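Database features, via TrEMBL:
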ACT_SITE  H119  active site, pros-phosphohistidine intermediate
BINDING   K9, F57, R85, T91, R102, N116  ATP binding site
DOMAIN    1-135  domain 'Nucleoside diphosphate kinase-like'
Amino acid sequence: MEKTLLLIKPDGVTRGLTGEVLARIERKGYTIVDLKMVTATEELLGEHYVEHREKAFFPDLVEYMTSGPIVAAIVEGARVVEGVRSLSGSTEPTLAAPGTIRGDLGRDWGTGQIENIVHSSDSPESAAREIALWF
Ligand code: RTP
Ligand code: MG
């Protein structure tokens, strides 16, 4: 069965939205097969977001992702990679569709800094790589 990595980012955990996010995943019919709380290091984030390491927003991304604990979950189901991306919504909370996690719950402070609650793997290959990093 296909697996994906879901991260509830520090804003989601700090705002008390862990249960809300996991409930949406479970209501969709996916199975949470592993779950833990992690404090990310800059080194781990450099591996996780390797495609963004050289981008201008990377230092802000590290600050955001190390601002508190993260809840990491392995989620299993048919076409779960696409499905959890779809439940998450597009990257920017302002543009993410209502009904999605980011569209309903994410915040845009208008300063270029966005708080979008969740990460989910963008392909089965990314999922395998990211699950090995976080678990
Ligand atoms: P993620 O990897 O976290 O699931 O998000 P994503 O695929 O929707 O978006 P991606 O392009 O991979 O960006 C990763 C995360 O970096 C932050 N970001 N900030 N200020 C900016 O322009 C900017 N762009 C991206 C967001 O936290 C985004 O989720
Ligand atoms: Mg991404």
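Glycine too: its Cβ is placed from the backbone N, Cα and C atoms.
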Distance-selected binding-site residues near ligand 1 (C-beta under 6 Å), from K9, R85, R102, N116: N116
H119 (active site, pros-phosphohistidine intermediate) in three-state DSSP notation: strand
C-alpha spacing of the residue listed as 'active site, pros-phosphohistidine intermediate' relative to K9 (ATP binding site), in angstrom: 7
Least Cβ-crowded entry, counting other Cβ within 10 Å, from the recorded positions listed as K9, R85, R102, H119: R85
Distance in Å spanning the most remote Cα pair of K9, F57, R85, T91, R102, N116, given for ATP: 21
CB contacts for N116 (ATP binding site) [other CB atoms within 10 A, all chains]: 23
For T91 (ATP binding site): intrachain residues, at least 6 apart, with Cβ closer than 8 Å: R102, I114, N116
Residues near F57 (ATP binding site) in space but at least six apart in sequence (CB under 8 A): G112
Rounded Cα separation (Å) that holds between R85 (ATP binding site) and H119 (active site, pros-phosphohistidine intermediate): 8
